[in-house]
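Structure record follows, encoded as structure tokens.
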Amino acid sequence: MRFTFLRSTRIFLANHQNHLSSLQNIRTIPSSSSSPVAISSVSKLSASLDHLSDVKQEHGFMVKQGIYNSLFLQNKLLQAYTKIREFDDADKLFDEMPLRNIVTWNILIHGVIQRDGDTNHRAHLGFCYLSRILFTDVSLDHVSFMGLIRLCTDSTNMKAGIQLHCLMVKQGLESSCFPSTSLVHFYGKCGLIVEARRVFEAVLDRDLVLWNALVSSYVLNGMIDEAFGLLKLMGSDKNRFRGDYFTFSSLLSACRIEQGKQIHAILFKVSYQFDIPVATALLNMYAKSNHLSDARECFESMVVRNVVSWNAMIVGFAQNGEGREAMRLFGQMLLENLQPDELTFASVLSSCAKFSAIWEIKQVQAMVTKKGSADFLSVANSLISSYSRNGNLSEALLCFHSIREPDLVSWTSVIGALASHGFAEESLQMFESMLQKLQPDKITFLEVLSACSHGGLVQEGLRCFKRMTEFYKIEAEDEHYTCLIDLLGRAGFIDEASDVLNSMPTEPSTHALAAFTGGCNIHEKRESMKWGAKKLLEIEPTKPVNYSILSNAYVSEGHWNQAALLRKRERRNCYNPKTPGCSWLGDYSI
């Protein structure tokens, strides 16, 4: 027993070589002295170190010592195989086991979660194990349900999850906190928030993890006010929970600025604002709401800042059009000897794409190459977009061709790059090449339609739109209709553009109407142009450009009085510091 105690202690204190030496020492002791607990400790060690050879050595040693038939040790060995993802060996061991208890089955079920492959395939395998359990005398416990419900959550298998819920109730586990937490996550992901709340209410002794599961479910389903209300209910619970970093991070990820400031006040009161994950969530919330000064104040107040915190600031400024400030923050981050990761590089490159910064892009690319981050798709895709938006198509193409396995974002980026530089036919050729490997999405089709519009490829654009809606069953959105209207309008097919405009499933947006009036203006279709301009004025009566479109139509027909009346109406409804028809030059030498 003394050796067993020392052996277990050394697992936590010594290095790997010392552990293996201890294993050799165990093997020199007669089998009668080798207790199952000692061998169990070595099994845990090997599993945690991911060494298959060590696990197999233990396996052989157990057989040699005649203790292989111990169910306790077999379960430990099975757990070791699953932890190092040697599932073939785990399956073989399982088939050889003469006895199995619920621990054995639970190891297999939770091992399925770690397996590679499609989530539906993993769920199917897990339910095969469940079917076999139900034909034995073994009873499922809360650990079994947690694993099985997790498989349903990952695959969004609603029917199977509901059946598990029924089985859980039948076995009297509906008030158990642990499987109920898994059920709340499952129902939340499936959008059945009423069921999630019902499961939550059935648990009498709730822990904070269960509360957090319901909060995140509300957030996931866009029910921010309800999630915020749960924070108040926590304090009235018998355990008087006040939330933790997960609670506040979930709420901050989706709340409005007013609610975010309330949470900030609570965090200050309970001294959570210095916690790195919570402080980072605060930064994100303020940045998303374009409250960059508040975000900076939070950032400056952080005692410890990690790469994630810096990334949040860089992303926040980049997304709000403050590209130069994002670059400055990146430089400051490097001065503090923090190593940027792939998200940092991708964010910085995205910020460079929003202002003329070709030199900065090249500097970042050199750093990316030096640090070996060029293989990350997010970084490579950002390089394509950055070079394209800064007018360097050749570099964008070089970046694309350097990617070993381009994903859909890579292909879409290069298709858009070619289209925006006037290479419409090459853009379509790239699209056809992509179709041999990947299935397009709505963004890909939007880039292709844009290429057709800029290149005047009417028939190709119509075929593309038809392929999207009929073959790929992708529902056209406002942007797709706008591109199609723009394509037809530019080419002079005003009646066809009008038909598309009127066939939209929703009311035409201002973008679609502007594209239509633009085409009418090019081809001098004044009546259609006036109709579109009047529609624009109905939607946006305070936008000066809409008055200009209609006014120009009146002037082109010689209706000066109507144009003058329209300009008076514009001055009454809009604040426009400029005088229409006049250009202004500032004299800054005074």
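Here the Cβ of each residue, glycine as well, is placed from N, Cα and C on the backbone.
Annotation comment: Swiss-Prot describes 512-588 as region 'Type E motif'.
Swiss-Prot lists 141-175 with the feature repeat 'PPR 1'. Summed and averaged per residue, pLDDT over the repeat 'PPR 1' (141-175) gives 90.
Feature annotation from Swiss-Prot assigns repeat 'PPR 2' to 176-206. Within its own chain, the repeat 'PPR 2' (176-206) is flanked in space by residues 142-143, 145-146, 149-150, 152-153, 156, 158, 161, 165, 168, 213-214, 216-218, 220-221, 223, 237, 239, which lie at least six positions past its ends and keep a Cβ under 8 Å from the stretch.
Taking H, G and I as helix, E and B as strand and the rest as coil, DSSP gives the repeat 'PPR 3' (207-241) the counts 26 helix, 0 strand, 9 coil. Sequence annotations record features per position, and here Swiss-Prot assigns repeat 'PPR 3' to 207-241.
Residues annotated as repeat 'PPR 4' in Swiss-Prot: 244-266.
Among the features that Swiss-Prot reports, repeat 'PPR 5' is placed at 275-305. For the repeat 'PPR 5' (275-305), the residues of the chain that approach it from at least six positions outside its boundaries are 245, 248-249, 252-253, 255-257, 260, 263-264, 267, 312-313, 315-317, 319-320, 322, 336, 338, judged by C-beta separation under 8 angstroms.
If you look at the repeat 'PPR 6' (306-340), the same-chain residues 6 or more away from its ends with a CB under 8 A from one of its CBs are 276-277, 279-280, 283-284, 286-288, 290, 292, 295-296, 299, 347-348, 350-355, 357, 360, 367, 371. What Swiss-Prot lists as repeat 'PPR 6' is 306-340.
Long-range contacts of the repeat 'PPR 7' (341-375) within the same chain: residues 307, 310-311, 314-315, 317-318, 321-324, 326-327, 330, 333, 381-383, 385-392, 402, 404, each at least 6 residues beyond the stretch ends and with a Cβ under 8 Å from a Cβ of the stretch. The repeat 'PPR 7' feature in Swiss-Prot is assigned to 341-375.
Residues 342-343, 345-347, 349-350, 352-354, 356-358, 361, 365, 368, 413-414, 416-418, 420-421, 423 of the same chain, all 6+ positions outside the repeat 'PPR 8' (376-406), place their C-beta atoms under 8 angstroms from a C-beta of that stretch. Swiss-Prot lists 376-406 with the feature repeat 'PPR 8'.
Summarising the annotation, Swiss-Prot assigns repeat 'PPR 9' to 407-437. Nonlocal intrachain contacts for the repeat 'PPR 9' (407-437), taken as residues 6+ away from its ends with a CB within less than 8 angstroms of a stretch CB, comprise 377, 380-381, 384-385, 387-389, 391, 393, 396-397, 400, 443-444, 447-448, 450-452, 454-457, 460.
Residues or ranges marked as repeat 'PPR 10' by Swiss-Prot: 441-471. Here the repeat 'PPR 10' (441-471) has Cβ contacts under 8 Å with residues 408, 411-412, 415-416, 418-420, 422, 424-425, 427-428, 431, 434, 477, 479-480, 483-484, 486-488, 490-491, 493 of the same chain, all six or more residues outside its ends.
Sequence-distant contacts of the repeat 'PPR 11' (477-507), counting only residues of its own chain at least 6 positions beyond either end whose CB sits under 8 Å from a CB of the stretch, comprise 442, 445-446, 449-450, 452-453, 456-458, 461-462, 465, 468, 513, 515-516, 518-520, 522-523, 525, 528. Annotation comment: Swiss-Prot describes 477-507 as repeat 'PPR 11'.
For 1-109, the entry in Swiss-Prot reads transit peptide, with the evidence type sequence analysis.
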